[in-house]
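K.L.:
Just passing along the structure, written as structure tokens.
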Amino acid sequence: MMRTWQSARRLLPLIAVFGMVLAGCGREDLSVLRPQGPAAESSLGLMKLAISIMIVVLLIVFSIAAYVMIRFRRKPGQNETPEQVEGSFKLEVLWTVIPLILVIVLAVPTVRTVFALGDNHSGDKNAIKVKVTGHQYWWEFEYPDYGIKTAQDLIIPAGKDIAFELTTNDVLHSFWVPSLSGKIDTNPTGATNRFSFSAPKEGVYRGKCAELCGPSHGFMEFKVKAVSNDEFNQWIEAQKAPAVLPEDPALAKTFKEQCLKCHAVGDQGLSVGPNLTGIGSRQSVAGILLNDDTRQDGAPVEENLKTWLHDTQGVKPGNRMPDPSKDMGLTGDEIDRIAEYLAGYKLN
Amino acid sequence: MDWITTVDHKKIAILYLWAGGLFFGIGGIEALLIRWQLIKPMNDFVDAQTFNELITMHGTTMIFLGVMPIIFALMNAVIPLQIGARDVAFPFLNALGFWTFLFGGLLLNLSWMMGGAPDAGWTSYTPLSGTAYSGTHGVDFYTIGLQIAGLGTLIGGINFLATIITMRAPGMSFMRMPMFAWTTFITSAIILFAFPAITVGLVLLTFDRILGANFFVPGGGGSPVLWQHIFWIFGHPEVYILILPAFGIISEVIPTFARKRLFGYSSMVFATILIAFLGFMVWAHHMFTTGLGPVANALFAVSTMLIAVPTGIKIFNWLFTLWGGSVRFATPNLFASGFIPTFTMGGVTGVMLASAPADFQFHDTYFVVAHFHYVIVGGLVMGLFAGLHYWWPKMFGRMLSETLGKWTFWTFITGFHLTFFVQHFLGLMGMQRRVFTYLPNQHFDTLNLVSTIGAGLMGIGTLVFLTNIIVTSKKPPDAGDDPWEDGRTLEWSIPSPPPEYNFKQTPLVRGLDAFWKEKTAGNKGMAPAEPIGSIHMPSATPLPFIMSVGIFIAGLGFMFSRDHFGSALVSFLFNNYIVTGLGLLITFGAMLMRSLYDDHGWHIEPGELEGR
Ligand code: HEM
Ligand SMILES: [Cu+2]
């Protein structure tokens, strides 16, 4: 076992070169090639090993191919019949054994990593438990130990293991944060999946749904925000605080009657739809309208909320939220004021 | 009319070729539309729903209706000739297989005009493919269309098994059989074992959708993961059904143009069998992220990697066939030589995908899209191009233009690598597959643009090939019996195109590469194994066509059995299964006629044979 691993290490220089080439690829908060956590690192380690072996194979095949195609090309006037070689036992054994060795070199660390990543931390007292539920086309995150739910933004304390339990409310989805970890499907309850990852560094990471789940599958994005322990605890407390409703009682009434039929804020409403508590401080609206006051990579949160509420189907085709003006009878003005209120609903 | 009633394997081959070509064209246009939509971020060329229909139909069409029939076309055109037979074992069934495939394919494509194409991906994972989330008839077209088309494939597979087992010319032992005949044989065996799985799966899914059963519906106690197992127990062998014939073609083309026998023939045979066997053991590598647990993932990872070993044997044997040869780069051999490195690239990413923990990252991303297109386009489609250019003179009696052939090759292969190479990186940079668009600023934009340009180039290559066909068909027949001059197998010992009865006298096979052996021994042609005598031929018949029409009507009737139509009469006919019954009546009626009316066929007499 150890020895094969060691022979793999001989490929290290090659791995290092690739590492450097590949590290230039993609965004730090998104790319598989720029891992930000141990789970993604171990996948990438295997990928580098595999790529190195495969490049060696390709180089051999390409050079033999180029050689024979140039060297043995029929020249004008050349008309003799080459010797009809039957084969060569020795050569054939050679190219059976070499691939076999290469396969073993890759198989050993593969199996080892499979079992290492199989560790799901569900019994670990220090791990933060999160129940992930996939919905067409949004993500719900529940923290059973704290009794809170949130949506679209997964807040986690940096450096801690997060023990996930994943299911879906409708069709299959797949939970994927490329820079932190590989993906895992969300199956219906009964086939609940568990896995775990951690994000050592504070920051925001982009997550995606990776299993075709309907028209807006490509828009089923989310963010993972790793914060310090203190910030995390503050956030938990703020989430538990009683709901803040619009100041204008008429608007508050409309909001409660129409929006809280499905959504929840603080201790009020239902969570059929995404929980809206503190939506003003989220990274995005609907997972894809990026909140950015500098307007470089999106728009301010209030504008995004208006965009969403005025045209939900336009933003995310096929999503299951009723249209505020057509289905709920809200006026344009009411919609704008609700957007304004939600944008101001911040947790910090 | 002649074409509707024919049972001649050579004509059926041409039917398969045109029909497969038609569907390949449709699938290709779908691919170009998909690529056009992805040319830039947040494009709105097609909407999300249409996009999902496009990817579903593109994948389904290409695999079941595009490349499989073209494979069947080549098998039909070549196999009986290569083994020295006068036809396939069951000519009537052969025609039936073609017509059920065609009507299944037509049914599937009717969905574009009848209120929505299937939209749940070619894998049709439940619950997305259930009525609750896919409300149009799209997925019904998928289940029923594929069921009917699959019937044709199964019939074809069984037919080739029987043909190869029973109809080889005297002296042609299994170990003297050409490689293409071998891969056809193994492919047919895979069809025999894999297609029943999808048949059962499709029946269960049809019951879920039309009769309200709950096999795959979680709320009703069904299991979506069960569908994935059934689908991939079929689906993984299916990719070997596709690639093995390409291996066979390459193993024919390379020796011919290197003027050298295939290196390591027996290890090639052994490797083919091993690949087929392993192909059945590794389905769950499509399901690493489903949550099967580390033990299953480890086992399937290792068994998948093992497939690299027999595949490697093949690659090196091809290279060493070229080694020391006298290699001529006519168009078929250009494609065959382009195949080797290209397919190897698809193969190595396959091994990378097999490493389960790495696959957690690759799965369902553009890396996978790149991988399987390297295998099916870079491998199979290149193999088919090689085979078509190679056997075209035998099938049609005309040589394709070499100049246009070279243009096809260079545009196609350049376009191919441009399109798919960059997709590996898109996947690694975080782009999932099956997304109808993507947000800007993710570093996806340039590579997607490159990919779309490449797809356009491949389209051009295909158009050049079409031009070649048209130009060639206008020319007078010019192909000799052995137009490549170095033909090694039996099909090159008879005229191009072959007469209806193929061999005036069944040839006697004296070794591997039978025709080459006779040529090098200084003989003009094959030694006959029988005196000239009267040749029995099967009669033409419209019954296979009629039976397939019946199945087609029954399928439509069943699909719409729950619908309400504007007219009460139409609703009545559909809702009481009268349309379904009518269709089945046509089919069974035709079957009954076939059994009651004994058709002994006809004979070509020696006098007629000599008269030519
Ligand atoms: C003409 C060249 C082709 C191009 C440009 C092309 C392009 C594409 C693209 C862009 C996708 C969608 C990827 C995604 O988001 O999932 C796709 C999917 C697919 N393609 Fe192709 N393709 C081509 C030829 C083929 C051929 C010849 C085959 C099979 C023989 C094939 C089989 C598939 C399959 C099975 C899928 C997956 C469909 C699904 O997700 O359900 N493609 N192709
Ligand atoms: Cu999705």
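Glycine is treated like the rest: Cβ placed from N, Cα and C.
Please treat TrEMBL annotations as automatic predictions, because they have not gone through curation.
Checked TrEMBL, it gives:
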DOMAIN    B:1-510  domain 'Cytochrome oxidase subunit I profile'
TRANSMEM  B:12-34  transmembrane segment
TRANSMEM  B:54-79  transmembrane segment
TRANSMEM  B:91-112  transmembrane segment
TRANSMEM  B:144-167  transmembrane segment
TRANSMEM  B:179-205  transmembrane segment
TRANSMEM  B:225-250  transmembrane segment
TRANSMEM  B:262-286  transmembrane segment
TRANSMEM  B:298-322  transmembrane segment
TRANSMEM  B:334-354  transmembrane segment
TRANSMEM  B:366-392  transmembrane segment
TRANSMEM  B:446-466  transmembrane segment
TRANSMEM  B:543-560  transmembrane segment
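Are these features on the surface or tucked inside, and what touches them?
P.N.:
When pLDDT is averaged over the domain 'Cytochrome oxidase subunit I profile' (B:1-510), the result is 95.
Note on the transmembrane segment (B:12-34): residues 3, 6, 45-46, 51, 54-55, 57-58, 61-62, 65-70, 72-78, 94-95, 98, 101-102, 105, 109, 395, 455-456, 459, 462 of its chain, located 6 or more positions outside it, place their CB under 8 angstroms from a CB of the stretch.
Panel annotation: around the transmembrane segment (B:91-112), residues 6-9, 12, 15-16, 19, 23, 26, 53, 57, 60-61, 64-65, 69, 72, 76, 118, 137-138, 141-142, 144-153, 155-156, 158-159, 538, 541, 543-545, 547-549, 551-552, 555-556, 594 of the same chain, lying at least six beyond its termini, place a Cβ under 8 Å from a Cβ of the stretch.
Long-range contacts of the transmembrane segment (B:144-167) within the same chain, counting only residues at least 6 positions beyond its ends with a Cβ under 8 Å from a Cβ of the stretch, are 60, 64-65, 68, 72, 75, 79-80, 83, 85, 88-90, 93-94, 96-105, 107-109, 111, 177, 181, 184-185, 187-189, 191-192, 195-196, 198-199, 202-203, 206, 548, 551-552, 555-556, 558-559.
Taking Cβ pairs closer than 8 Å, the transmembrane segment (B:298-322) reaches residues 247, 250-251, 254-255, 258, 260-264, 267-268, 270-272, 274-275, 278-279, 281-285, 288, 292, 337, 340, 343-344, 347, 350-351, 353-356, 359 in its own chain, all 6 or more past its ends.
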K.L.:
So, does the transmembrane segment (B:543-560) come close enough to the transmembrane segment (B:54-79) to give 3+ Cβ pairs below 8 Å, pairs being at least 6 apart in sequence?
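P.N.:
These two segments do not touch.
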K.L.:
Count, for each of B:262-286, B:334-354, B:543-560, the Cβ pairs lying under 8 Å from the transmembrane segment (B:366-392), and report the range with the highest count.
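P.N.:
Per the Cβ under 8 Å count, B:334-354.
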